[in-house]
Amino acid sequence: MPPTVIEPRASPIPLTPLPRRSIPPRHDSRQQFDHDHAHDHDLPVERELTPPTHLLSSPSSSNSHPDFAHDDAGRHANKQPYIRPFQSIWGLMSKAPLLLRSSPGFGTGSYGAVPIEATAGLSDEELDHITERHRRKTKSSGLRNGHTTGTHQPSNSSTLGPVLSPDTSRRRHSTSRRRRSQSLKTDSEQGDIVGDSGWGSTPTVGDVSVVNQGSKDTDVDSSSGTEDSEESAPEVNDEDPPDNSPYSQVRASVSAVDNVTLSINTPRMWTLSLLFAVLGSSTNLFFSLRYPSVSITPVIALLLVHPLGLLWDQLLKRHGDPQDQFINGVRTSEGGAQGHVSYLRRLRLWLAHGRWNEKEHSCVYISSNVSFGFAFATDVIVEQTHFYNQKVSITYQLLLILSTQILGYTFAGLTRRFLVRPSGMIWPGTLMSAAMFTTLHKEENTVANGWRISRWKFFVVVWLSAFLFYFLPGLLMPALSYFSVITWFFPKNVVVANLFGVSSGLGLFPVTFDWAQIAYIGSPLLTPFWAAMNVIGGLVIVMWIIAPIAYYKNMFFSSYMPILSSAVFDNTGNIYDVSKILTPDFLFDREAYKSYSRVYLPITYVLSYGLQFAALASLLSHTACWHGKDIWKQWKASLNEVGMESKGSYEAIPATAETGRARIFVPSGRRPSRSDSTDNIISQEDVHNRLMRKYNDAPLSWYLVTFVTMTAVGIFVVEYYPVHLPWYGLLLALGICAILFIPIGIVMAITNQHSSIYLICQLVCGAVFPGRPVANMVFVTYGYISSAQGIKFSSDLKLGHYMKIPPRILFSVQMVATIVSSITQICMLNWMFANVPNICTPEAINGFVCPLARVHFNGSILWGVVGPEEFFGPNATYRSLVWCFPLGAIAPVILWLYARKRKTNIVRKINLPVLFGSLSWIPPATGLNFSVWALVCYIFNYVIRKRAGAWWAKYTMTLSAALDSGLAFGLVVVFFGFVYPGLMDGFKWWGTEIYKLGCDWNACPYKVVPEGGHFGPDSW
């Protein structure tokens, strides 16, 4: 079959619109017929689409919607809705196929189904027959297709944008087609204007005819054709197009359609974003200085903001308010009001414009995700002011926190081409959020392996169950959380505690009833099974085989310490007292160090350091072997992008000089390969990247200017204030982040496992700038936090990519949220310094002892004062760990040489950066956290996905969101409602004490140091 070209004619034929009728939205029979008889074809097709005015003209003309740009006078005079050219074709051409269909993904079918060839027309009798058949079919199924639902929507408003009237086919033959086209309804409040057709960057405008390139005929015979010809006409399924994501978890969570008419840049979105940025950042900082603590996660904001958005509309909107038009999230036309309008009414209309929808919801969540984590710079300020007794000004605090937070954002923006746009960068952690938006904003329900419950009801049931159940392991019976039942029978047996313990043991008995334990290192439902197998493989080999052997053979004197602990010890087996090796001015006292003790680490801590060294080296070699060509290709494209600059990568489809029409290559009906292959994943694009091309990109110059500005601020901070870090030290920290950022982002985007550079930053600074603890802290802040924050920002950029948030709006949302949350945290921190007595001391009221800052302070002493040379230099105890660097660098190359030609070999699934790097969580994580995590991942992402794929696709991401958010609410209620007021003081019974009675909880060592003795060398 020859390829086909659709040539839209530029002159639309306006029709007089019929009065709006209150007709419930239903599927058109022709649409259902097309859906029932669609077939996949493998022929690539080129189509010509007429680009809209706002893309072919200057930027100044981009404020008006193309459908309303043809008649300015009529628009200003009568304000009558313009009938689309497509609607006129429906009334004139009996064989014209349905080009745009309503979609359950995002309301109006902005993706569109552009047919490949003409279909035969149907008479009104045939339409009646098919409509009745579809009605019977729907009734028998007991389910309805999902549609976008309005929030507090008037009863006469359509929820689908263009919808065909169900009684059209019953009208008289002479006027049926014209009235059918005229009865198309639009609702500007809920995405009435059909968005991008998906194949190009704009809606299809103008009259459309279908041309077969295989013949010279340009007219379609409207009097011939049968139902068979219509059955043979392939079409693109707008919900699963040929270029949809090749990854099933993405297809299960993210819609392949976009609605460009949803409101985004509204007072409602900005108010709620700033509200949650202020509340979340201040609350989390407040509790970060307390022990025990609780963290308010962005999932809570995701859930709480939804009823607030609905309440906003309910309070401010009125029946009969003028309708506003939105294009790409921005209001382009304001519904006018007749006569004099009071100031209060104008204010209310301004506050109420648009409607609460999934895109606004996404922006509020992204701003919360940016701001809810307390800034690492606040710990540096705490350490300087309360541990090193330095006086720092408010100006220094603001400049330090703003520069460290925003530099991470610039790294994310500059690497979008590598980490955000490629389809292979799926970012599993964002899929839960995307599934939640679908759950909260859609009524979408299909039968999945016999399960008919909707995702929203499923979420409510699981959320409520998780919330109520948490009272058992979190409050009434903590033994369910620390379920080391084997150690309960042998409480004094050290070997049993070492092997089967869950507090200081290796967790060989993977049973717990606390989701907080299961998801401690991340939700197992969001991690690909092959990545989990890499993690569990490393756990078994390193922690369950090598660690016990080394421990019981007393390697590195480890038998005198617990097998697993996050503390460091002296040569008597006690926790190391850092104050004994410092002068009153907090400088390193080498003589005191020689007379006290070397620093000793538990065996799992030692292996964790070795694994982090290997992970760092393997990260570079693995990325170079498997993704080097892709990175180089994208790097050259990025250089070209900097040269062109104005548009970035999300470019509108250009028009040809001859016709003024955009020529767009449409993929064939053949589905691209859907596998977990690591080949060319950075070069692949999918429907989401294509749909984003309609939006103006945030230029690279924005990020470059931000980067240069914040780097200059950082240099001023380290040179002007008493940090003792030279300016080239700051550049070295940023250089480490820049080199490792893309490899770390690739691993995180593919596996949902984050590789930290915290340790390497400490070691590098300790080696290059020894004896400078404050410089070590600041160096780590600029190096590690720029990386960690940048990875978080990249994840949010990918979520905005999935949810089709215009990049420039997303840039503003992230930047404003970062600035507001940073200023808020500095204000909260200084308020606590002034109002909490004895803060950051053991005598602090209500537990405000600053535990995290204390840990970081100890790290700055060990690596900034004692220095890496005492750990890994000549004659040092842990000198042999240095060999992990070449081992980690060589191992990925060997695997790559073996597996690069073996496309189906299981060796290709081995990801050494994940295998090595994920175990850096140990400590503080224990073997239980990894073993039970991998078990749950195996059950859901392998067994259930293989045996009940439909159930897995429909419910897994929603299940993860429900469990996480139920746990978060349970933590908050238990802490604020029972623990914080002291209501549980004195509450004890067997379920609260049994797990504390043995060696597991008390971290007993295998060997005990004799009284007055010590282990290790006598001098050092």
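Cβ atoms are placed via backbone N, Cα and C, with glycine included.
According to TrEMBL, the protein has these features:
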COMPBIAS  50-66  compositional bias 'Low complexity'
COMPBIAS  227-242  compositional bias 'Acidic residues'
REGION    1-75  region 'Disordered'
REGION    131-250  region 'Disordered'
TRANSMEM  394-412  transmembrane segment
TRANSMEM  458-483  transmembrane segment
TRANSMEM  495-516  transmembrane segment
TRANSMEM  528-552  transmembrane segment
TRANSMEM  599-620  transmembrane segment
TRANSMEM  700-721  transmembrane segment
TRANSMEM  727-750  transmembrane segment
TRANSMEM  809-833  transmembrane segment
TRANSMEM  880-899  transmembrane segment
TRANSMEM  928-944  transmembrane segment
TRANSMEM  956-980  transmembrane segment
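It is 809-833 that, among the stretches 727-750, 809-833, 880-899, forms the most Cβ pairs under 8 Å with the transmembrane segment (394-412). Same-chain residues lying 6+ beyond the ends of the transmembrane segment (700-721) with a Cβ under 8 Å from its Cβ atoms: 392, 396, 399-400, 402-404, 406-407, 409-411, 413-414, 638, 641-642, 645, 648, 727, 729-731, 734, 778, 782, 811, 815.
Sequence-remote contacts of a segment are chain residues at least 6 beyond its ends whose Cβ falls under 8 Å from one of its Cβ atoms, and for the transmembrane segment (809-833) they are 264-265, 273-274, 277-278, 280-282, 285-286, 289, 329-330, 363, 366-368, 370-372, 374-375, 378, 381-382, 385, 394, 397-398, 401-402, 405-406, 409, 413, 698, 702, 706, 793, 796-797, 800, 839, 848. Of the two recorded stretches, the transmembrane segment (495-516) lies close to the transmembrane segment (928-944), with three or more CB pairs under 8 Å once pairs fewer than 6 apart in sequence are set aside.
Residues 502, 507-512, 517-522, 524-525, 527-529, 532-533, 535-536, 539, 543, 918-919, 921-922, 951-952, 956, 959 of the same chain, all 6+ positions outside the transmembrane segment (928-944), place their C-beta atoms under 8 angstroms from a C-beta of that stretch. Between the transmembrane segment (599-620) and the stretches 458-483, 528-552, 956-980, the greatest number of Cβ pairs separated by less than 8 Å involves 528-552.
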